[in-house]
Amino acid sequence: MDAALLLSLLEANCSLALAEELLLDGWGEPPDPEGPYSYCNTTLDQIGTCWPQSAPGALVERPCPEYFNGIKYNTTRNAYRECLENGTWASRVNYSHCEPILDDKQRKYDLHYRIALIINYLGHCVSVVALVAAFLLFLVLRSIRCLRNVIHWNLITTFILRNITWFLLQLIDHEVHEGNEVWCRCVTTIFNYFVVTNFFWMFVEGCYLHTAIVMTYSTEHLRKWLFLFIGWCIPCPIIVAWAVGKLYYENEQCWFGKEPGDLVDYIYQGPIILVLLINFVFLFNIVRILMTKLRASTTSETIQYRKAVKATLVLLPLLGITYMLFFVNPGEDDLSQIVFIYFNSFLQSFQGFFVSVFYCFFNGEVRSALRKRWHRWQDHHALRVPVARAMSIPTSPTRISFHSIKQTAAV
């Protein structure tokens, strides 16, 4: 059935139901359409609530929906919507007073989701602060701008952009989400682009390490423009194809959120899964070569394994392998669901923080460059203080003035 025809039938049913309600409850006659002012027509919102014909300036209340998204709501509470002075309905409907009726299991899950959301906010905030600090360090310390650190810098940039757009998505309220606004779809598209670029820069990190360690190929022959193309340009056609698919096949809910059976999201999730699998192969080869070199050394076996484990743990967030630990929901039982919720929230929100710590704050080149800057600043400050004191103290016969030193030097 045509969507416009279906909507017309629903609105007609809405009008009939409201007319019956008015007659039964004795609400009186609806506003006179021939009156001096325009009025708001009977309409049906995106959630399915019927709003009756109302006078301009009226704040209309309707019972909360009985069911929405499979959740039962308390119908004794009301939703509110304003009929504007120009005879049109306000775009925003106030459903804030509608409360779900939850059983014990749903209440438990609701509590866990709330805690997970707090972990997400905390992790993203901590990550953004650490990432911005790391970004500024790479920006200021020009002496360390080799290809490896430029790759780290770009990866950190994608984390910053991804986290900022994540915060923007959290600001979208339910009405805008259900209304499928254009700007809302644009924010979702930009967010998904930064998600894909983030994973592709993890892939670039893996390519660089695999080339340098496993293939023993000189990194001097690697070209920066090629990595920039992989990290920033290849995700563009992927996201464009996804946006076209969403526009024609799943144009709803701001293009955010995935229902079972929706395949359009795999247009960008497929390449992400592919680069994660390739990075997993890179990690396996890197650790294998590392173990081979450690066995050839004279260190004890315990120290060898400790170094290998340490290197593996450091590489996990850089290559995005942590996402593979809980990429798929493990099951329907309570324990699996709770573990899935908390691990996903922690790993995804704090990954930017771990990347900043391991590859900037613990980076030997960064720390050495910072120490040199600090020593130069101390030396410069130490030289300026005695000179300022010498120029401010009056000279005496027993004290050699700064002016006399200059004259002696001139002679």
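Numbers here mean position along the shown chain, with the first residue as 1.
Placed from the backbone N, Cα and C atoms, the Cβ positions cover glycine too.
When you check Swiss-Prot, the disulphide partner of C40 from the set C14, C83, C98 turns out to be C83. Topology check against Swiss-Prot: V93 and Q378 carry distinct topological domain names and occupy opposite sides of the membrane. Record source Swiss-Prot places C254 in a disulfide bond whose other cysteine, from C184, C186, C207, is C184. Disulfide connectivity taken from Swiss-Prot links C64 to one of C50, C98, namely C98. For the residues N94, N163, Swiss-Prot attaches the annotation N-linked glycosylation site to N94, which does not rule out the feature elsewhere. Cα-Cα distances to N86 (N-linked glycosylation site) place C40 within 10 Å, out of the recorded positions C40, C64, N74, N94.
Reduced to three states, the DSSP call for N94 (N-linked glycosylation site) is strand.
Put simply, N94 is the one of the recorded positions N74, N94, C98 whose Cα lies nearest to the Cα of C184 (disulfide bond). Contact between the transmembrane segment (186-214) and the transmembrane segment (335-364) is not supported: fewer than 3 Cβ pairs lie under 8 Å, counting only residues 6 or more apart in sequence. Taking every listed stretch (222-249, 266-291, 335-364) in turn, the largest tally of C-beta pairs under 8 A with the transmembrane segment (109-139) is reached by 335-364. In this structure, the C-alpha atom of N41 (N-linked glycosylation site) lies 11 angstrom from that of C50 (disulfide bond). The distance from the Cα of C64 (disulfide bond) to the Cα of N74 (N-linked glycosylation site) comes to 7 Å.
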